[in-house]
Amino acid sequence: MKLAVLGAGAWGTALAIRFAGQHQVALWCRDQQQASDMQAARANTRYLPDSPFPDSLSVHADLPAAIAGAELILLVTPLSGLRPTLKALTAAGSCAPVLWACKGLEAGTMKFPHQVADEEMPADVPRGMLSGPSFAQEVARGLPSAVTIAASDADFAQRTATALNTSVLRLYASDDLVGVEIGAAVKNVLAIAAGICDGMNYGLNARAALLTRGLAEMARFGAAQGARPETFMGLAGIGDLLLTATGDLSRNRRVGLLLAEGLKLDDVLKNLGHVAEGVPAAREVLRQAQALGVDMPITAGVCRVLFDDAAVVDVLQTLMGRAPRREGE
Ligand SMILES: NC(=O)C1=CN([C@@H]2O[C@H](COP(=O)(O)OP(=O)(O)OC[C@H]3O[C@@H](n4cnc5c(N)ncnc54)[C@H](O)[C@@H]3O)[C@@H](O)[C@H]2O)C=CC1
Ligand SMILES: O=C(CO)COP(=O)(O)O
């Protein structure tokens, strides 16, 4: 199959390398200089210096050239690039199916990626999301991983999972697109919380409680939007939550660790050198939860630390001071 991967950060590059083992892959990078550098080095020296490009991977700075003849487009910019990139695809007359791999809700609109896609893509073009526990560095190195392809069109999800499956990247199919998108957005917020918790040395008990109650929050938010409960027990729910909240390769967890050291958010983001989707997602998830009347105390606490300069000890006191309740609530 001929694939186009749009976005040459860590994740787009890792997916391009992985799928180039079996397919012809065109990797699009919006920056001409970075594209030339990658072409010359046959590697993404900025994000994945130790993972050389297979011969079947070509690099492009020109979008129409990258998507020419593509049978499937993987859109792997940060979430802020989803709408502009979909607009550019539509302007270029593309009607190839699209899978996005960016995680979050659109900043300012609270929209899920599929809602943005519904606004920007022709209605009949198949679309969905690739998500799940997958650090770019490990996927690029060919370490074993498993992720989910979700689409409202179950046949499209299954066909695409079958076509892209490799011996080191196992693909599962799901038709719960909104559930998978919610897992992806909320787990990043919870990974920031886990980083704060570990950075403050609150202990392993605290982290286990935080993640369990965080998962309950994720599932409540999902239930209010018609997602299936079992999705949150799957790769794109608890799977990605465990990885991101406990794995030190996570940028979102790192945000939390640095905040716990006392750094201000602006300095944290400057130091990171990568996108941390949990930061904009926290605000959008909380706004949407409030609009739906869903209680998300951990997300609210993360927002207080991120945007209101609240002291972590005060947020902890608020969380621990809540009235006892039944665990299923
Ligand atoms: N890195 C990882 O392990 C994983 C990342 N993701 C998701 O993939 C998305 C991308 O993440 P990374 O590649 O890791 O980010 P990154 O921070 O490594 O790189 C982002 C890249 O996107 C480029 N970019 C920014 N806006 C753009 C736009 N409008 N059009 C084209 N390119 C644009 C930047 O120049 C940069 O090269 C995020 O939503 C992230 O949550 C998902 C799974 C794993
Ligand atoms: O989504 C990811 C792994 O599945 C990557 O998480 P971070 O963006 O926190 O690094």
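Using N, Cα and C of the backbone, Cβ positions are placed for all residues, glycine too.
Residues annotated as active site, proton acceptor in TrEMBL: Lys187. The DSSP secondary structure for Lys187 (active site, proton acceptor) is helix. The Cβ of Lys187 (active site, proton acceptor) lies under 8 Å from the Cβ of Lys103, Met218, Gly237, Asp240, Leu241, Thr244, Ala245, each on the same chain and at least six residues away in sequence.
Sequence annotations record features per position, and here TrEMBL assigns NAD(+) binding site to Gly7, Ala8, Gly9, Ala10, Trp11, Gly12, Ala136, Arg251. Annotation for Arg251 (NAD(+) binding site): spatial neighbours Leu272, His274, Val275, Ala276, criterion Cβ-Cβ under 8 Å with sequence separation of six or more. DSSP assigns Arg251 (NAD(+) binding site) to a helix in the three-state reduction.
The feature NADPH binding site is assigned by TrEMBL to Trp11, Arg30, Tyr47, Lys103, Ala136, Arg251, Val275, Glu277.
The sn-glycerol 3-phosphate binding site annotation in TrEMBL covers Lys103, Gly132, Ser134, Lys187, Asp240, Ser250, Arg251, Asn252. A helical conformation is recorded for Asp240 (sn-glycerol 3-phosphate binding site) in the three-state DSSP classification.
In the three-state DSSP scheme, Lys103 (NADPH binding site) is classed as coil. Its Cβ placed at the centre, Lys103 (NADPH binding site) has 27 other Cβ atoms within 10 Å. Summarising the annotation, TrEMBL assigns substrate binding site to Lys103, Arg251, Asn252.
The domain 'Glycerol-3-phosphate dehydrogenase NAD-dependent N-terminal' feature in TrEMBL is assigned to 2-156. Computed over the domain 'Glycerol-3-phosphate dehydrogenase NAD-dependent N-terminal' (2-156), the whole-number mean pLDDT of the model equals 98.
Among the features that TrEMBL reports, domain 'Glycerol-3-phosphate dehydrogenase NAD-dependent C-terminal' is placed at 176-316.
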With helix taken as DSSP H, G or I, strand as E or B and everything else coil, how many residues of the domain 'Glycerol-3-phosphate dehydrogenase NAD-dependent C-terminal' (176-316) land in each class? 109 helix, 0 strand, 32 coil
Looking at the binding-site residues listed here (Gly7, Ala10, Gly12, Arg30), whose Cα lies nearest to that of Ser250 (sn-glycerol 3-phosphate binding site)? Ala10
Maximum Cα-Cα separation (Å), residues Lys103, Arg251, Asn252 listed as binding substrate: 13
Annotated binding-site residues Ala10, Lys103, Gly132, filtered by Cβ under 6 Å to ligand 1: Ala10, Lys103
Maximum Cα-Cα separation in Å among residues Gly7, Ala8, Gly9, Ala10, Trp11, Gly12, Ala136, Arg251, which the record lists as binding NAD(+): 18
